[in-house]
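Copied from TrEMBL, the annotated features are:
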DOMAIN    B:73-249  domain 'Cytochrome c assembly protein'
TRANSMEM  B:6-25  transmembrane segment
TRANSMEM  B:32-54  transmembrane segment
TRANSMEM  B:66-83  transmembrane segment
TRANSMEM  B:90-108  transmembrane segment
TRANSMEM  B:128-149  transmembrane segment
TRANSMEM  B:169-187  transmembrane segment
TRANSMEM  B:202-217  transmembrane segment
TRANSMEM  B:229-246  transmembrane segment
Amino acid sequence: MPDQPPQATFTFRSDYLIGATICLATSLAASTVSIIRDGAPLTAPPWPANAIVLGLVAAWLFFIGLKGQRFAPTRLLGGLPFAICVIGHFFLWVLVAGTLPASDGSQLPTLVRKLGLSSPITSIPFNAALLLFLLNLGLATAGRITKLKKARLKFYVSHGGMWLLIAAGLLSSSDLERWELIVSEGDATAEVSNADGTQTRYLPFGVLLADFDIEFFTTQLTLVDVDETEIIWQKGEPLIDLEKGNIARIRGWELEVLESYEAAVPLGKTAYQPHDSPFAPPAAHLRATHLETGRTVQGWTTCGNDHVPTTTILAEGSDFRFAMALPRPKRFSSQVTILKKGEEPFPVKIEVNKPITIDGWKLNQLSYDETAGKASRWTVLEAVRDPWMPAIYVGLALLALGALMHLIDRVTIEKLTKN
Amino acid sequence: MNLINIFPWVATVALATWTLGLIAFPKKRPVGIALLVLGTLSLGACLVTIWITLERPPLRTLGETRLWYSFLLPIAASIVCIRWKMVWPLYYAIPLAGLFITINLTNPESWDRTLMPALRSIFFVPHVLAYLLAYAFLSAAFAASLRGWRALPGSERSEQTLEFADRSVQIGFGFLTLGLVIGAIWAKEAWGHYWAWDPKETWALLTWLGYLAYLHFRLQHPLAAKPAFAFLGAAWIVLLLCWFGLNMMPIADQSVHTYTR
Ligand code: HEM
């Protein structure tokens, strides 16, 4: 195609060829190293070494940006053909990692484990691909320093932000701390452990759980087979709230909810009565009428728990039973008191999506005693310390700003079509 | 709950008005525009109804996201069309939106009210909407590429199509980036870390990388129309895999983000 002048085509071709070769060689070298090291995870140097590395690399890039543009290799490594190569190369590694199940890696093929792909962030070939990405991005950004006037602000914002984001993300992984904190109601602790419980440490403050609180959605109807072994409700069928007074139709039956209790205990063999124990499951009294035959069935259903058995209602003449689905949590939160030496204890509430920050530690609501449900007497919090967060947030903000600038700016495209 | 059951009717009305609108458009432009707007607005009204009835943003299930998409795609295409004075993209974008509505009609929803605690966040709506807007613009670009693929390289038609595609990708990629950034900040709040290499995140990144490569490819090869159209097709497949395919892949079980039920 006569798209480019012949000479230009040739230059691009060789740029692509060199770019692809560099990517391939990097992948092969990194994979070899990873296999020799038997898939040992790669960890970034800890503070302050990582900050020094980041500073040195940035300074080096700045220098190259000022002085290096005369040299063909720096122009190539900071150029567009190489950008396309490194983006494609990184894409392939993400694709490989993305189609593998993310797990501890034990049931994965040996090669996958040796390449460390079940945990991309510590995998050597994966990080090598990211480094090429960073190299190109860094050189492209730095290379424009001498052409400051011509370069547009949005280029710096998006590319510089991206560079900062990835560089800080890669280097900060060693300084990130994530611990689980488990505490029962009425107890206090400062001890936290990692997810598999093999390591522990102490936070600089104590956490006392005053109250764990959980709220559920109104329970819903489900259908189970006659033997109560399987849920046979299917997507597309209505989800019926078991709320008193609710009338709905499902599979040819009209269902009326005569009574519904959030917490109930059996009263004799055929009825339930409300109860305020946290161990009482929800229960509902239903009447179902078959729309064609007029047959009516009536009874109580409960999803049950460790203390109360499940009950369902046989839809006579049909091959299923009406049952109550397990309640789904709507929100859960921990009312805790933070205990710090020499300070008044202060109460705070930690909820999913509403973490709190104390002394550089972020406390997130993570989980609770799921088998006990609303009777849960303990809570699982996550304590996160991430000193690089400001750098990451600046990177994210620049990237978002760059995206907005590209979104509203028409210059690029106009330039494009003029070409 | 009953109001929600009007969905099949609204969808049918939208499909009918869109069809009539596209037919009327060339001869009686005002009538055509009125019909297209009517169809799109009825979907918008349906979304509002569902939102109110379910007492949560209807952005959770696959079907719900398809509905938004069908609403947003004609709008996205119209924005680009009005801004750059084109008409033909509507003839590609609206049938595509119609296809997604039809998928919804053949896959009835259960309209679940529940919303898990992790989704109860101020980031939920902006995050998913940014993605759906991105999908709408990027799909408009894909629809255009179908036209461009058949056009003679270098012809007026080919260039016009490429221009539309580029503008759509430019806007779509902006939203894609916003969605990614909002998602990262949200993950930090909800799960303690920005990025967990969760399958959904990984595929969102792949989609982003695909269009990133397209953007830079276009900068490098402004005249290579055919490869650009092919590129758009490939990138759109990655987008679809991220949006729908993931639920069918074996890794889906491990994703905290797959749209359920
Ligand atoms: C938010 C993401 C990004 C956006 C919106 C974006 C957009 C752009 C645009 C519009 C240009 C042309 C600049 C101009 O002519 O003013 C450009 C150039 C370039 N971009 Fe990106 N880009 C992004 C990320 C990246 C990444 C991740 C890489 C590398 C891996 C990269 C590498 C390059 C290179 C090498 C150039 C050419 C620079 C030059 O010729 O001086 N970009 N990009």
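Residue numbers in this text run from 1 along the chain shown.
Using N, Cα and C of the backbone, Cβ positions are placed for all residues, glycine too.
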For the transmembrane segment (B:128-149), sequence-distant contacts whose Cβ falls under 8 Å of one of its Cβ atoms, 6 or more beyond its ends:
57, 59, 65, 68-69, 72-73, 75-77, 80, 88-89, 92-93, 96, 157-158, 161-162, 164-166, 168-169, 171-176, 178-179, 182, 204, 211, 225-226, 228-230, 232-233, 235-236, 239, 243
Over the domain 'Cytochrome c assembly protein' (B:73-249), what does the predicted model average in pLDDT?
91
Any residues 6+ beyond the ends of the transmembrane segment (B:90-108) with a Cβ under 8 Å from its own?
7-8, 11-12, 14-15, 18-19, 21-22, 25, 36, 43, 63, 66-67, 69-71, 73-74, 76-78, 81, 139-140, 142-144, 146-147
